[in-house]
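What follows is a set of notes on a single structure, which appears directly below.
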Amino acid sequence: MFQIPEFEPSEQEDSSSAERGLGPSPAGDGPSGSGKHHRQAPGLLWDASHQQEQPTSSSHHGGAGAVEIRSRHSSYPAGTEDDEGMGEEPSPFRGRSRSAPPNLWAAQRYGRELRRMSDEFVDSFKKGLPRPKSAGTATQMRQSSSWTRVFQSWWDRNLGRGSSAPSQ
């Protein structure tokens, strides 16, 4: 669950330029508050004065207009950053919006799963397991069809010799 921390006005003014990605605050390094390394969701263009006017926007709108605070480098769905215990260092790059289409999140999960399975497959050969012979099997199947043709042509020739009617 994300909560909106309450800031003191001086802390909020110091961190407003850092939240927008404009570099370090002009006042220098003050006490490390939770607002120094967090920012609003990138899709919401609210400034600090708007937050002061409506500090409890989630209770007025039933949660629909709630401001979500997350770290700058986070591009994962809710809960992954806190669970993994990642550092709270700000990144120079802006994180992906949480309003990205669900297909994107599904594609990323699918891609990670495929990558994991591929890595397991490659690692299995390092453990001494034999390589699969799927390419050889495909070659044998093609050869068996050509052997069938050879056998049929031989059969046709032999039947043609034994019978009075010429073959072909």
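For all residues, glycine too, the Cβ spot is worked out from N, Cα and C.
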Listed as asymmetric dimethylarginine by Swiss-Prot, one of ARG39, ARG96: ARG96
Stated Swiss-Prot location of motif 'BH3', expressed as one of 65-79, 110-124: 110-124
Omega-N-methylarginine per Swiss-Prot (candidates: ARG20, ARG98, ARG161): ARG161
Annotation match for phosphoserine in Swiss-Prot, from SER32, SER99, SER144: SER99
Asymmetric dimethylarginine according to Swiss-Prot, picked from ARG94, ARG157: ARG94
Per Swiss-Prot, the candidate from SER49, SER134, SER153 carrying the annotation phosphoserine: SER134
Distance [Cα-Cα, Å, rounded] between SER118 (phosphoserine) and SER99 (phosphoserine): 30
SER118 (phosphoserine) - helix vs strand vs coil (DSSP): helix
Protein Cβ atoms within 10 Å of SER118 (phosphoserine), excluding its own: 10
Residue among the modified residues SER91, SER99 whose Cβ has the most other Cβ atoms within 10 Å: SER91
